[in-house]
Amino acid sequence: MEHPFDLIVLGAGSGGLAAAKRAASHGAKVAIVEGDRVGGTCVIRGCVPKKLLVYGSLYREQLEVAPSFGVELSDARINAGVLLANVRQEVDRLNALHIDLLAKNGVELVTGWGSFTSPNSVAVSRNGAIDASQELHGDHILIAVGGRPHRPDIPGAELGWVSDDMFMQSSFPDRVVVVGAGFIACEFACILHGLGVEVIQLVRGDHLLRGFDRELSTAVQDGMQGKGIDLRFGENPAALKGQPGDLVLSTQSGERFSCGGVLLATGRRPFLQGLNLDAAGVVLEGRRISVDANQSTNIPHIFAVGDVTDRINLTPVAIDEGRAFADSVFGQKPRQVNHDLVASAVFSQPELATVGLTEEQSIDRYGKDQVKVYRARFRSMAQALPKRGPRCLLKLIVDRNTDRILGCHMVGEHAAEIIQMASIALAMGATKADFDRTMALHPTVSEEFVTMT
Ligand SMILES: Cc1cc2nc3c(=O)[nH]c(=O)nc-3n(C[C@H](O)[C@H](O)[C@H](O)COP(=O)(O)OP(=O)(O)OC[C@H]3O[C@@H](n4cnc5c(N)ncnc54)[C@H](O)[C@@H]3O)c2cc1C
Ligand SMILES: NC(=O)c1ccc[n+]([C@@H]2O[C@H](COP(=O)([O-])OP(=O)(O)OC[C@H]3O[C@@H](n4cnc5c(N)ncnc54)[C@H](O)[C@@H]3O)[C@@H](O)[C@H]2O)c1
């Protein structure tokens, strides 16, 4: 069979775009198939529009404390509709930019949903119909189809929003119930609260952000509650009733919450619908496509990267996996991705960022006696005049035997920016003595990291 493409990429999101452009730069003939908008989750309905909403949602508090800095503002009003429309405009600009970049890199964009017809061929469908003229053949195929939000299995779940829907609203109602305690639930609870919405957040466990350093998640929790977000622990959703704009969410404990909208932020799952993996012989591990350290599936010329592999579901990870695949297969530069030291942030308010092992993981791995924890908890100088706002928490986890920093964590202003830089030090194997030798930059929040005793 003829193989006109060296590579067919399924999905033009973070991983697929990065892989397609890198493979083309190595001289490969590449087609990328996208059923929705080029840019994928991060650009269209994830990181980018989310962070823009975070920026917008920070203003209300800044305006509230402005008088303590001598700035008198009257008649300030929040118009979430304007913010949402501006965010969508920026998303449109980035979508066009990514389409343009594909053309500039010589990657052929095929619009439609890809579906395997054999291990080397993909049919493309548009509006539910397969375009027979567009069966693509490729020597290599990369599956980069990402994930989708997962709704809980409760009656009326379809009445709730998932994160995708949040960006398409024209305004937000006065009262919203957020279900979940992970990244998306915490980020949107804070965005909505910042935009003046009354937020009730239902958490099925007893704390937010499971899997993060416990002390840090408690600091976020205290900060969010301090702002007025109504956190309800031990609450499981049971049913959703009503109509758009006028909903009642009942919980298994018998509570009923009336609200204008419900955000179901209850996790994401790999999006495998319509891929017809059987025709390619690709096997699944549970709900994800499992790959080896070279991003290869059980079929040697079929690879997968990003959220569909459900490893670390973050944009920079998907991008690096895509590029490592392309460098290895088409660039004669074999390399594997290091998934061990991936910094991450929750853009909640207060913000949390982290790199390396949590205190709990360090103790599990090395034992309590070998782990020393340094922490600083304080109100930052930015809060001195307003006399309000959550406290910062900075934390270093150190291996007593080697003095190496195992984890560096922070809740507070600019946490993500600070931890991004700290992650370089950790990747280089920094010790506590290295941090201590570093002169503090004063007055900053992060200087505490180099003065902890
Ligand atoms: C609300 C939200 C906020 C986020 N914030 C952050 C953040 O701040 N930082 C961060 O690092 N990560 C964040 N993420 C996670 C990040 O967006 C993902 O990890 C990343 O986009 C994964 O990239 P991907 O290439 O695997 O998949 P995606 O970006 O999801 O791209 C997959 C693409 O494949 C397409 N597709 C699916 N099936 C087919 C098919 N059969 N044929 C053709 N095309 C197909 C889809 O339409 C999609 O465009 C966030 C996610 C969400 C939902
Ligand atoms: N800042 C960032 O980097 C960022 C932001 C958003 C999303 N993401 C990525 O997207 C992924 C998905 O985010 P997410 O927040 O949807 O998932 P998550 O896994 O972080 O959180 C899901 C939450 O839903 C709860 N939950 C699940 N099923 C439930 C049910 N039936 N009833 C009640 N609660 C239920 C879980 O207990 C958990 O608190 C993240 O893991 C992350 O990789 C990253």
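Backbone N, Cα and C atoms are what each Cβ position is placed from, and that goes for glycine too.
In TrEMBL, the NAD(+) site is described by Gly180, Ala181, Gly182, Phe183, Ile184, Ala185, Cys186, Glu187, and among Gly106, Gly261, Gly267 the residue recorded at this site is Gly267. Neighbours of Ile184 (NAD(+) binding site), defined as other CB atoms within 10 A of its CB across all chains, total 23. Looking at Gly114, Gly180, Gly182, Gly267, the binding-site residues in this record, the fewest other C-beta atoms within 10 angstroms of the C-beta turn up around Gly267. On a Cα basis, Gly182 (NAD(+) binding site) lies 16 Å away from Lys51 (FAD binding site). Closest to Gly182 (NAD(+) binding site) in space, going by CA atoms and restricting to the recorded positions Gly114, Asp307, His442, is Asp307. Model confidence over the domain 'FAD/NAD(P)-binding' (5-322) stands at 97, taken as the mean pLDDT rounded to a whole number. In three-state terms derived from DSSP, His442 (active site, proton acceptor) belongs to neither a helical nor a strand segment and is classed as coil. Across the range of the domain 'Pyridine nucleotide-disulphide oxidoreductase dimerisation' (342-452), the DSSP-based residue counts are 38 helix, 33 strand, 40 coil. Long-range Cβ neighbours of Asp307 (FAD binding site) (same chain, at least 6 residues apart, Cβ-Cβ under 8 Å): Gly15, Thr41, Gly146, Gly147, Arg268, Pro270, Asn313, Ala318.
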